[in-house]
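See below for the structure under consideration.
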């Protein structure tokens, strides 16, 4: 389900992006929906104004259709991360014993220490199942889903510059998927094999994986610094021009 969700979202956004750039090219505005408004200065459309409105509506609908798909995939991954972080703490020890059990005599406690390993393993398995079931209840899913949707809504309400969002995504998520993830996965697979079992090719590819991770760090940091500097410069210039216009 997750794989097909990502593929479907990919084709939806590819269709939108290719169609938009075929019409506007380099003159595309930060918020390309406005370019379909007949009252906008950057409006250029080969069909009638009614068709432009229809295209605006279709783009909005396609984006809204993609949001639930993205939310499902993001919530699934967020739940896996939360469960992975909670797992070591939940399994550090078994659930606390009741107060009555804590007040048992030393004699009974010594007897409990002599329980068989099978009983202990069974108790561990029961606790693991409890932890897994607790993570799947609808309230947890609701909290995770609402947190993701509210975060996306806040960004959409207060940030109207799509170029900024796409630049940040490119400098973070895209760098992670292109450089960090393949490098880390390959290094982890080599670690499982054991360094003593590596051949010449494995040693070479290990250096390649390390280079990919290092290069990804360089690209990510450079991209974030460039984006921050560019928009900070635009902010300073805008404030300066506004101050001069008032004077």
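Each Cβ is built from the backbone N, Cα and C atoms, and glycine gets one as well.
A quick note: this is a predicted structure, and the numbers were derived from the prediction, not measured.
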Of 70-96, 97-123, 124-150, which range does TrEMBL call region 'Disordered'?
97-123
With the transmembrane segment (165-187) as the reference, which stretch in 7-24, 51-72, 142-159, 207-232 has the largest tally of C-beta pairs below 8 Å?
207-232
Quick test of the contact rule: Cβ under 8 Å, at least six residues beyond the ends. What residues does that give for the transmembrane segment (207-232)?
164, 167-168, 170-172, 175-176, 178-180, 182-184, 186-187, 190
